[in-house]
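*Asks:* Mind looking over this structure? Questions follow.
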Amino acid sequence: MSIEHTSHDPSKPDPAKARTLAAALPWLKRYHGKIVVVKYGGNAMTDETLKRAFAEDIAFLRFAGFKPVVVHGGGPQISTMLDRLGIRSEFRGGLRVTTPEAMDVVRMVLVGQVQRELVGLINEHGPLAVGCSGEDAGLFTAEPANTVIDGEEVDLGLVGEVARVRPESVLDLIEAGRIPVVSSVAPDADGQVHNVNADSAAAALAVALGAEKLLVLTDVEGLYLDWPSSDDVIGEISPEALEEILPTLASGMVPKMGACLQAVRNGVPRATVVDGREPHAVLLELFTNEGVGTQVLPGVETKTRKARDTQS
């Protein structure tokens, strides 16, 4: 009896993969069984590859023993639907005014489109994700946002901030082994639904849940030390140092860094803005020493690095 040998050699074990997995051990130990709140937004919401990578990351966290919670907005999708329906947008100080007519669209898009798509992508990896909004079980109570532009208060209509969080419904989902996916709409004390800022909503929820970490996805590498004069990106910064420079930041970074500051000031141990343009950015941030963003962490000296795009 002869044994036929194929010309194809079996793949050899890859020690590099083993080292990568072993390097994740400290982070697995730190976050195992802990709640991590992730604010989903930016390019990760519009690029098909990044959408799927994000959903894989969130499912991975759940199977690795983390307790992920996702909060999302949907600015680009809202704008697209308003244009499609022929609803004219009014802007004040560069910010959209949310009229009652526009609010109906906001609610429809966030709860009925963005949330459903993300829940579906996560659930390709198992029956994990459950969608909800700030309206469900009284999760969020909103109040009108106090928006000041160039020293003057501006009325943006039905735009709100989270005034109160009742986290019990989300905690019930977490206890059942589910991944809550939360849309950032919420009623005020009179029942009028508002479009709430998803960054600050994620921070408020992270505080109420006693989360171990808040991640906020964005479309830049992190917080630049002196943009556009410098290509130095801040890797770590203390709440005190961030509070000092917050008024000088570009308008797009203020709500994101403000959310991180809000979370850490109110008991979340660490909060990070993450470069959501990077596939699997959530895993890279949580499981590597370098991370892919700017972390707000009490008691640290400000640390910087060169932006990746400028490195040779």
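Placed from the backbone N, Cα and C atoms, the Cβ positions cover glycine too.
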*Asks:* In Swiss-Prot, the residues GLY74, GLY75, ARG96 are said to bind substrate. Which of ASN146, ASN195, ASN266 is said to bind at that same site?
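*Replies:* My reading of Swiss-Prot gives ASN195 as the candidate in that site.
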*Asks:* Which ones in the same chain are close to GLY75 (substrate binding site), with CB under 8 Å and 6+ residues apart in sequence?
*Replies:* GLY41
*Asks:* How far is it from ASN195 (substrate binding site) to LYS39 (site 'Transition state stabilizer'), counting Cα to Cα, in Å?
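*Replies:* ASN195 (substrate binding site) and LYS39 (site 'Transition state stabilizer') have their Cα atoms 15 Å apart.
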*Asks:* Rounding to the nearest whole angstrom, report the longest C-alpha distance spanning GLY74, GLY75, ARG96, ASN195, listed for substrate.
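*Replies:* Result: 13 Å between the two most distant Cα atoms.
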*Asks:* Calculate the distance in Å between the alpha carbons (Cα) of ARG96 (substrate binding site) and LYS256 (site 'Transition state stabilizer'), and round it to a whole number.
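*Replies:* Pair distance, Cα basis, whole Å: 18 Å.
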*Asks:* Would you mind checking how many other C-beta atoms are within 10 angstroms of the C-beta on GLY74 (substrate binding site)?
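*Replies:* GLY74 (substrate binding site) is surrounded by 26 other Cβ atoms within 10 Å.
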*Asks:* If we count other C-beta atoms within 10 Å, could you say which of the recorded positions LYS39, ARG96, LYS256 has the fewest?
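*Replies:* Output over recorded positions LYS39, ARG96, LYS256: least Cβ neighbours within 10 Å is ARG96.
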*Asks:* Report, as a single number, how many Cβ atoms besides its own are within 10 Å of the Cβ of ASN195 (substrate binding site).
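*Replies:* Total other Cβ atoms inside 10 Å, all chains included: 27.
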